[in-house]
């Protein structure tokens, strides 16, 4: 043991440090003693011990030894070390068997002070670190060339420093392998077309679990589901076929794969031959489930669970899943209609009975099984690092949840509990799914009383006539004995003085005579200490102007006054409470509900701006200094619109009315004048005022009848009360009620029809909206008859959405007029008939071709076709070298006798026929008429455009356009004049190549378009933009495909 004593010797104005070092040889562990003492005395008055050992018993031995050697009482213990806490723990590894040159690293890192050292256990025994194959890198264990026989097992890391040892979770090192398939192939299988079959995989020995696929004939032609016909089980690896087809005859290979942490390995089987024999009978079969999931499946919470189900059948069965004892979890997604039901992130809510159903047109088959959800241990409550006094008690609680219920065991420094106290503790919870650890450090404190970190307050102010508390809380272990003195007087409990067992001194009804110094003394078996504070007595705080009761209307302002006197040496603050809750002022300028006045003086008025109903109540003003406070209260009444009525119920619901009852709400200090009832239905966009009996509901009423409702309609109601200050908040909405059913009161609208096939009468109408149906069992009654006949034919249409009825009768004449009417019905009766409408039966196809057909070329791009009058007509036209089937069509409606056909090609011969048509079809075609379009117009615009202005007129001139041999002759020019949305067209003959036009009087401009024209139509144009200054711009355009017409 080393004893270090040091002191400072003052020599004049200098301070000279002195130190003494004494070495003691003891049988106990080393510790360092730091001693401060007065040079004039021969002993050290105080001693600080810093133990280098985590053991409380050793530290205590050092303490007692120091006291025995030096005769000291002020001895304290400080252990600055921190026990290890894991930051990285090892994880399980699957290593490929036979890979001799690789390495496995099991990670382990812990933070600690001083830094942790590490050891490793495998299967409960020490790992021989230092062996050529085992290396420790920081805390990580590196195993070189892992060997199946000697290195497999359960590994744990131990992290330790002088404060203790902790044990990591278990990490398993296992060796993965996948052997080859047996060299013997399976016997060929033969199955008839339409039947089911399966091919067994018979996977070789392996670890860990395999994934399975099958390929056909050649790799990698893998089998695909093909609409649910094929299925590969990931449990057995077998390949299942729901319905065999002739093209399924092939060689099939089972392909298996294992995934390990550092590699992947695959292998495949010998060929499995499948032959499908044709069966021309086409016999169908009901589903038969062949792949069944277990009757009991155990799933782990937080993990994914899969259930397999597959069936044979013809047609190929479809699959669907359901949860028998609840709703199928939505997270199942698309797998709910497939052979593998996938449930990710399992929870205890997912536990239950699941059913797979296979179905087709021939029948169905079902299979059920239960999923039991279990869970790994997880901590609900863990322990934390603790420092306790010697000889005291400590309770640590560890609570873990899991299924099965976890067992709990405790470790100290990585071992089962022993009689030592200080150290690193671990709580271990485990079940068959996992083991988890919780760590904490326990430190046992031993210390003489010390006030340095928490002395008695040096200055304690107190108000005259009040009370004061002086605290005494030194650091000490074990707890010290505490007592107080004033000067030389030891204080004991009296009518005005109380000393509590934990060292708190209370003085009541304080007077000036109580001022002075007060000292707290603390003592335990390790030493003594004291601390002194001064009590200063001040004047009491008093309310000089208390707030008065006030009565305001909502949105009005009010000021509550509060003035106080106090000791002038202290600061005064004001606080307000509303109904007992602290009322903090807000200074939000956008609303400013209230505002406090808090100057550093004796006034603390509260200004409430735009008072609200919620601000009514009792206000308490408190004037406070650091030593005392005084309070006064007042009541504020805020008058406003009534509160919401309560207890709204709906009774005696009839077809078009309902009775409402309610109870009065708060009138907010102003009598209720009237009530308004609001209603809402699925057809309304929001709440609306309802008609009532009586129409004006007085303020003392608590019931009324709502009228004018629609039969068989859902309604909700609210009641709103009002007074002279306005309308209040609505009541809570009533429960939804449905009015009674009634017979329809209106007839369907939009009655019409016509058209259809031969011998048909089609009647159409607009379906009745929901608000007019008045009841369920809704439908329509149609009545129709030939015009001028007495007998009506009546038909019922039971579908509410129907809008069309087709009446077929071989005796119906084409286009025969019928009188038609319609009404609605429901379970309660029938409504009125509509007005009679006239509808014609279907027409016959036209049987006569149109007569006197003539086609005339108008331009290079357009022709005109004429005929004798026909109601509806279709024009067909095609070029001479084309077939008639490719003809273009133009249709007309009404009794037209001519039509223009545009978009033609210049100088082209066209054939034209005309056909009559109606709703029943198209009639025969007329004889062909032939027409040749004219030569195209010149595609060059007028050139050399120039102009001359004369005041408000402009003269524009251009060169003549000459037609080429394949173009139509120019017969003249067209000049289009545009200004401010107005247009004018001048047509000039061939001899004119100029035009005089007015100019705008303002600074605007005109647009001129100049183009040639002739038999072929309009040629290319040129545009000129002109104003008073002259030409602005010129634009050229291609030849038009049709003439300019105004």
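Any Cβ shown, glycine's included, is placed from N, Cα and C.
Nobody curates TrEMBL annotations by hand; they come from automatic prediction.
Across the domain 'Ig-like' (84-174), DSSP assigns 4 helix, 54 strand, 33 coil. The domain 'Ig-like' annotation in TrEMBL covers 84-174 (among others).
According to TrEMBL, the feature domain 'Ig-like' maps to 193-269 (among others). Taken through DSSP, the domain 'Ig-like' (193-269) splits into 3 helix, 33 strand, 41 coil.
Among the features that TrEMBL reports, domain 'Ig-like' is placed at 287-372 (among others).
Annotation comment: TrEMBL describes 377-443 (among others) as domain 'Ig-like'.
Sequence annotations record features per position, and here TrEMBL assigns domain 'Ig-like' to 449-536 (among others). Averaged over the domain 'Ig-like' (449-536), the predicted model reaches a pLDDT of 92.
According to TrEMBL, the feature domain 'Ig-like' maps to 541-637 (among others).
Among the features that TrEMBL reports, domain 'Fibronectin type-III' is placed at 644-742 (among others).
Taken from TrEMBL, the feature domain 'Fibronectin type-III' applies to 747-844 (among others).
Per TrEMBL, domain 'Fibronectin type-III' is recorded for 849-936 (among others).
In the region 'Disordered' (921-943), helix, strand and coil residues by DSSP number 0 helix, 9 strand, 14 coil. According to TrEMBL, the region 'Disordered' annotation covers 921-943.
Between the domain 'Ig-like' (84-174) and the domain 'Fibronectin type-III' (747-844) there are fewer than 3 Cβ pairs closer than 8 Å, counting only residues 6 or more apart in sequence, so the two stretches are not in contact. Shown for the domain 'Ig-like' (449-536): DSSP residue counts in helix, strand and coil, namely 3 helix, 46 strand, 39 coil. For the domain 'Ig-like' (377-443), the DSSP-based tally of helix, strand and coil residues reads 0 helix, 41 strand, 26 coil.
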